[in-house]
Amino acid sequence: MDGIVSDVAVGVKRGSDELLSGSLYNSPSSVTANGNDSKKLRVDDRMDSPPSRVLHIRKLPNEVAETEVIALGLPFGKVTNILMLKGKNQAFLELGTEEAAVTMVNYYTAVTPHVRNVPVFIQYSNHKELKTDNALNQRAQAVLQAVSAVQAGGTPTSGSTASESALTPAPSPVLRIIIDNMFYPVTLDVLQQIFSKFGTVMKIITFTKNNQFQALLQFSDPVNAQQAKLSLDGQNIYNACCTLRIDFSKLINLNVKYNNDKSRDYTRPELPAGDGQPAIDPSVAAALTKDSSSLLGTPSGMVASYSSGGGFPSSLGFGQGGGALSPLSAAAAAAAAAGRVALSGHSGTSGVLLVSNLNEEMVTPQSLFTLFGVYGDAQRVKILYNKKDSALIQMADGNQAKLAMSHLNGQKMYGKIIRVTLSKHQTVQLPREGLDDQGLTKDFTNSPLHRFKKPGSKNFQNIFPPSATLHLSNIPQDVTEEDLRLLFSNSGGTVKAFKFFQDHKMALLQMATVEEAIQALIDLHNYNMGENHYLRVSFSKSTI
């Protein structure tokens with residue numbers, strides 16, 4: 001029933017039995033919501049509609065937040081209005097210019113947009129602008145205002161009528177922050193950088209409770225705390241991980257005794273560091289300070305039109321799953337310095353993935369091991385006997401499983417878009433001895449090809465989403481560019497560009513599409529180039 005909008009609700013204040021107004025039928029140039037009309041509205045499937053700065057977004061997951069929809073548009077320019085159709089899992093998003101909307105549609109035509117790991121559908125609306133009744137759409141407008149202020153690099157004004165009328169008075173200037181899916185270290189400075197976009201951050205205390213990293217953060221004004229909570233709750237600091245869960249604290253003032261990596265009072269720089277307080281690991285500190293601007297910077301390959309906002313919008317979790325954007329290099333370096341992909345407290349998650357919609361004619365345990373091995377050490381792979389388009393993959397731990405899922409869900413392998421989810425299984429069972437399972441199960445526990453066995457390995461710093469550009473290493477001296485172009489062309493793709501590094505032991509090679517690059521990596525990682533040189537292939541964040 002795609003393309004049908006009926007019983008439309010605006011924001012969260014209205015029931016699912018209320019409708020868009022009749023002016024929507026009468027004017028092809030605007031969408032108006034005032035809730036006066038009871039007619040049902042058919043919206044045509046507008047795949048072929050002419051470009052418009054109003055976009056129609058469908059198949060949104062239940063309980064989606066306004067910020068998650070706004071985040072889809074933020075990388076491409078200013079978002080000027082939003083209309084949430086809660087009853088039908090749809091929304092209209094208005095961008096500042098038609099050019100920004102065209103860029104967004106073009107990007108999401110090539111890369112499937114995901115919200116909460118669910119693929120969504122974006123197309124042009126045949127309406128040229130979005131007119132919403134603020135009285136009925138207050139929450140959405142308040143969120144939009146708060147996010148827009150961040151995007152513009154400013155601070156939301158505490159006296160704004162849109163935000164204040166939408167909200168009850170803030171109970172406290174102190175927020176309690178819990179970080180879920182913490183694949184990368186989150187420092188006190190990272191929190192300060194994010195939250196200071198909403199007002200003056202006075203104090204922060206971080207701690208671990210119930211195996212979860214938490215923080216208390218105090219603003220100078222409760223209204224700023226309210227706007228930060230509205231805009232940031234449920235968002236990701238880094239792509240597909242480090243999710244912010246925010247509530248108001250019962251405290252109204254924090255008592256900070258020491259200024260160190262665990263707590264800080266920005267109003268009292270003279271405070272001591274404190275005895276027995278462990279300082280941040282020097283290698284982690286070096287990784288963070290080396291390129292601190294990129295911690296929340298523009299992910300590689302994404303439009304940089306919002307860089308004036310301090311790079312912050314990259315934290316708003318767009319592009320999860322298929323076409324997932326790069327976890328930021330400084331964060332990856334920090335994780336490498338810490339000697340692990342993830343922090344403690346999350347290892348209890350199952351490390352087994354269920355991969356479905358595989359091309360059963362082509363897929364093998366070895367091909368899945370090679371591809372998933374880019375994001376963790378795959379221990380066992382089992383293609384299901386009665387459902388050969390599905391497989392179970394056991395990673396070394398739950399964090400590696402989540403990392404692989406965030407990068408590979410929605411990617412194309414052997415011509416089919418694969419789906420990757422966490423399995424309820426704790427392990428992958430090997431077949432009973434003497435039982436022939438036709439080679440569908442393979443144990444890779446002792447494979448020499450694991451990339452992450454060595455703590456602190458450089459491979460931790462080079463975890464990037466699938467891209468058309470591949471990084472090649474361990475190339476023999478006598479191998480030429482022509483040799484490598486021919487080798488990769490024979491994997492069934494087209495080599496678009498090539499560049500040797502100075503020592504000729506490494507190179508960048510760009511295939512025509514991401515799918516071709518995935519295929520080439522599966523076929524040619526660990527390829528014997530002669531004289532005991534086995535080619536190493538990984539995805540690159542660079543372009544040629």
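Positions of Cβ are set from backbone N, Cα and C atoms, glycine also.
Whatever TrEMBL says is automated annotation, not expert-curated.
When TrEMBL is compared with the stretches 25-48, 433-456, the one noted as region 'Disordered' is 25-48.
Averaged over the domain 'RRM' (468-542), the predicted model has a pLDDT of 93. Applying DSSP to the domain 'RRM' (175-251) sorts its residues as follows: 22 helix, 34 strand, 21 coil. Simply put, out of 53-137, 175-251, 468-542, 468-542 has the most Cβ pairs sitting under 8 Å from the domain 'RRM' (351-425).
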